[in-house]
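A.B. asks: Please see the structure below; I have some questions.
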Amino acid sequence: MMSSGGDTVSGDSQRLSLADDVSGSCGAVVTSEAAWSRSVMAERGLLVLFGSQTGTAQDTAERVGREAQRRHLRCRVQALDSCDVMFWRFLFRKNLPAGSLCQLDYAVLGLGDSSYPKFNFIAKKLHKRLLQLGGSPLLPVALGDDQHDLGPDAVVDPWLVALWDKILALYPLPPGLEIISPDLRLPPKYTLHYLPEDSPHPESDVLQPAAPQAAPCELHPFAARMVSNQRVTAQSHFQDVRLIEFDIAGSGITFRAGDVVMIQPQNCPEDVQRFCQLLRLEPHRRFVLEPTEPGTSLPPLLPQPCTIQYLVTHYLDISCVPRRSFFELLAYFSTNELEREKLQEFSSAQGQEELYSYCNRPRRTTLEALWDFPHTTCAIPADYLLDLIPRIRPRAFSIASSMLAHPERMQILVAVVRYKTRLSKPRCGLCSTWLASLNPEQGDVRVPLWVKNGGMKFPADPATPVIMIGPGTGVAPFRAAIQERVALGCRGNCLFFGCRHQSKDFYCQIEWEELVTKGFLTLFTAFSRDQVSAQKRREEKVYVQHRIRENRKLVWELLSSENAHVYLAGNAKQMPAAVAEALQSVLQLEGGLSPSEAEEHLTALERSRRFQSETWS
């Protein structure tokens, strides 16, 4: 997001650019007109705000920042949810007059994925809201799409060209200045100063389990002790799924069913060692960071002083798939002509298909890319490490337990990500692989975490029946909800659970069967690989949507007579659409609705929050 002219986003004299890479995501630029004070205009300043879950929006926002710097615009890039930015909360106040932004010109850039049903929902919502408040579109709304052959850059590239044309028309370059050539390397964001090896060492920078003054958050996570790390799938099953328990006593953490826990992972020691060897870094050397530009804040998650080992282990995401900006910066350091030509190709608009084939399709990591450019890699200045490699982002997991059932404890259900591409080495998820590697039986194991409110809210009246549809690890939030409701004595719990094999990946089977026996749970299971047709001698896969259709009378009765709420969680690929079709089939066959009426009824249930879903890719 980008705002020109100041460090805050309030009042009616702001210029903003927003970017968000949620499936419905946003990016916007809001510009003031001549009513803005001349002194502020003379500063030619931009505040770039971004909202990002996967890092795409942050990468785009930082690109805007670099391009602003080349145009001699004072620029600051900042996350939308940072404590001193209240833009979003201000913008959606219900009591704002219709003409509140009548002096604003704006442009909206959305970054999303059209495979999701609410493609770029936030960008569209933001654009509509700015229009409602009297803003004038500076550019047509732009909606980047991950599904495009060239990714979101197919939209971002031309949008930026048009954006700078508009901004330079409003804020011309000062006399005697020209746009800095892209052939020239910009200075790093920070300067890294090594400390003398004999300088005194401060206390350990390892995370300590101290009770926080306030609820733990991203800047101040709680170092939770891992109590158990149990594999809940058979050893012969291809998928390793863990039920992990943490001790959160003394943390001040509270949560309810539907909430999520954020976990900050770290790189494995082997990758850290390899990275340091490639870049010829001394792991135990200590340093301090100094901002290049006055007013730039230091990375809040890095201790000062810090060691190279800590920086690479806890901060630099060397396992992520590198983006176009990575190769663009890397090319500046290359002294090898062949490597430099390939890096420049990867960072050009024309080379994006080649970059996709090299990086995205095989899921090549940053560390592996550095290995492929050895002459360039060993020439990377340490000052540029934080510009070159993004920080490790926290991962979100649905909490799979209730505090009513397990006081001072928290459990999560984690599928360990591991898959093959054309590369010889299997791809592994950073966080899930790290968590699976931890063994609390071999010593005190600590994991930095904090809790965020989830999007799924269960009925305030515990007597309200709930229909929960949770194949695979999608069952995690429903385990928390069932534990919570059982602790309150509620019996109206209906669960549709699906997995491959009853004998291999039926998570929490004994727990579910005990609740069924006690009358607290109605359970329907779909084991997709356990059905074999005697006639055709082949597998006929059965999924949760088939069980919904088979039990349509019960589902209809709960929906129509008992005002039940429906919840869906799991993989976002095909399952959500298939479940929606099954529910519409129930409404048609049992409720007598036409196809269009059934679709409208399901949409009405969504609007009233009686049908909620939480899916992920």
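Including glycine, each Cβ sits where the backbone N, Cα and C put it.
So TrEMBL says this about it:
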- 52-57, 111-120, ASP146: FMN binding site (BINDING)
- 219-459: domain 'FAD-binding FR-type' (DOMAIN)
- ARG363, ARG395, ALA396, PHE397, SER398, GLY429, LEU430, CYS431, SER432, TRP616: FAD binding site (BINDING)
- THR473, SER528, ARG529, LYS541, VAL542, TYR543, VAL544, GLN545: NADP(+) binding site (BINDING)
A.B. asks: Select the closest residue to VAL544 (NADP(+) binding site) from the following binding-site residues, measuring between CA atoms: LEU111, ARG363, ALA396, LEU430.
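C.D. replies: Closest by Cα: ALA396.
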A.B. asks: When you measure from the Cβ of SER398 (FAD binding site), how many other Cβ atoms are you left with inside 10 Å?
C.D. replies: 25
A.B. asks: Provide, as an integer number of angstrom, the distance between the C-alpha atoms of ASN120 (FMN binding site) and ALA396 (FAD binding site).
C.D. replies: 21
A.B. asks: Compared by Cα position, which of the binding-site residues SER114, THR473, LYS541, VAL542 is the closest one to ARG363 (FAD binding site)?
C.D. replies: SER114
A.B. asks: Taking only the Cα atoms, work out how far LEU111 (FMN binding site) lies from SER398 (FAD binding site), in Å, as a whole number.
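C.D. replies: Distance (Cα to Cα, whole Å): 24 Å.
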A.B. asks: From the Cα of GLY55 (FMN binding site) across to the Cα of THR473 (NADP(+) binding site), what is the distance in angstrom?
C.D. replies: 24
A.B. asks: Can you tell me which of the binding-site residues SER432, SER528, ARG529, TYR543 is spatially closest to PRO117 (FMN binding site)? Compare CA atoms only.
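C.D. replies: Minimum Cα distance from PRO117 (FMN binding site) across SER432, SER528, ARG529, TYR543 lands on TYR543.
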A.B. asks: If I take the Cα of ARG529 (NADP(+) binding site) as reference, which of the binding-site residues SER52, GLY55, ALA396, SER398, LEU430 has the closest Cα?
C.D. replies: SER398
A.B. asks: Within 10 angstroms of the C-beta of GLY55 (FMN binding site), what count of other C-beta atoms is obtained when all protein chains are considered?
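C.D. replies: Within a 10 Å radius of the Cβ of GLY55 (FMN binding site) lie 16 other Cβ atoms.
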A.B. asks: Please determine which of the binding-site residues listed here (LEU111, LEU430) has the lowest count of neighbouring CB atoms within 10 Å.
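C.D. replies: Lowest Cβ count within 10 Å among the binding-site residues (LEU111, LEU430) is LEU430.
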A.B. asks: Between SER52, SER432, SER528, GLN545, which of the binding-site residues has its C-beta surrounded by the fewest other C-beta atoms within 10 Å?
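C.D. replies: Counting other Cβ atoms within 10 Å of each of the binding-site residues SER52, SER432, SER528, GLN545, the minimum falls on SER528.
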A.B. asks: Going by Cα-Cα distance, which of the binding-site residues (SER398, SER432, SER528) sits nearest to SER114 (FMN binding site)?
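C.D. replies: That would be SER398, the closest of SER398, SER432, SER528 to SER114 (FMN binding site).
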A.B. asks: Look at the binding-site residues SER114, ASN120, THR473 and tell me which residue has the greatest number of other C-beta atoms within 10 angstroms of its C-beta.
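C.D. replies: In terms of Cβ crowding, the pick is ASN120.
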